Amino acid sequence: MAPSKWDDEEESTSPPPVAYRRKFDDEEEEDVLDSWDAAEDSEVEREKAAKAAEAKAKAEAEAAAKKKSKAQRIQEHKEERKKREEEDSSSESEEDEAERRARLRRTEKDSDLKHAEDLFGDIDLNRTRNRGAPKAVVVSDSADPTQAVDLSAMPLFKPTTKDQFTRLTTTLAPLLTAHSKKPQYALWAQEFTKQLVKELNSGDVKKIASALTTMSNEKMREERAADKGNKKSKAAKTKVSLVTSRENKIDASYDDDDGLDDDDFM
C-alpha cells in the first residue's frame, strides 16, 4: 500500500496546469496600434498647423503691403523701374539709340500702368485706356484726294504733359479765334465747349464753368467802362458845341447892335 500513498502525494503536489490569458501580449499589441494612430494624428496636426502658419504669414504680408503709404509704393516702383532699365541696358548694349528710347518708353508706360493698378485697385484700365485713345482723324485735300493727313498720328495731338497741352493751345487758339467775328462763331463755340468737357466729371466741368463766368464778368466790366468813356466823350463834345454856338450867337448880336437907334439920326 505504500506505493499508492506516494502516488497520491505526487498527484496532490502536481496540480494540473492552468491556461492563462496572454494579457501582456494583447496589451502590448494594442499599445503599438494606439501609438501608430497617435503618430498619424500628430503628423496631420503638424501639417494643419504648418498650413495655418503659412496662411497667417501670407495674410500678414498682404496686410503689411496694403498698409504701405503711397510714397513708399511710388518709391518701390521707381526702384523696380530703375533696376529693370539697368538689366535691359546691360543685356541689350548693342541696340541703337532709337530702339533704346522706344524700349524705355515702353518700360515707363508699363511701370505707370502697374503703379495705377496698385493705387486704384480693380479699375478696368484696359477699358479706360481704349476709351481715351484718339481715333484716326484723316484730313484730305478736296482738290487732290490722294493727299491726306492723319492728324491723330501727329505728336502735337498726343499731349501728355502740361507743356505739351500748352503748345496745343497756342497752336489751335489763333487758328480758331481768327473767325470770332463771324456770325456763327458764338454758337459754334458753345457746341465746341460742350464736346471738350463731355468726358470730364461734374467737378471739373464746374471749375471750367466758374472760369468762364469770371471771364464773362471781366468782359462786362470792360464793356461798361468803354460805354461810360464813350458817353463822357460824347457829352463833352456836345457841351463844347453848345458853348461854341452860344458864343457865336452872342457875337452876332453885338455885330448887329452898334449902340445907335434909328431916332439918333433925326
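Each residue, glycine too, has its Cβ placed from N, Cα and C.
Swiss-Prot has this to say about the protein:
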- 40-99: coiled coil (COILED)
- 26-44: compositional bias 'Acidic residues' (COMPBIAS)
- 45-65: compositional bias 'Basic and acidic residues' (COMPBIAS)
- 73-86: compositional bias 'Basic and acidic residues' (COMPBIAS)
- 87-97: compositional bias 'Acidic residues' (COMPBIAS)
- 98-118: compositional bias 'Basic and acidic residues' (COMPBIAS)
- 218-230: compositional bias 'Basic and acidic residues' (COMPBIAS)
- 1-142: region 'Disordered' (REGION)
- 215-243: region 'Disordered' (REGION)
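Break the compositional bias 'Basic and acidic residues' (218-230) down by DSSP state and the numbers are 13 helix, 0 strand, 0 coil. Note: the compositional bias 'Basic and acidic residues' (73-86) comprises 14 helix, 0 strand, 0 coil (DSSP; helix = H, G, I, strand = E, B).
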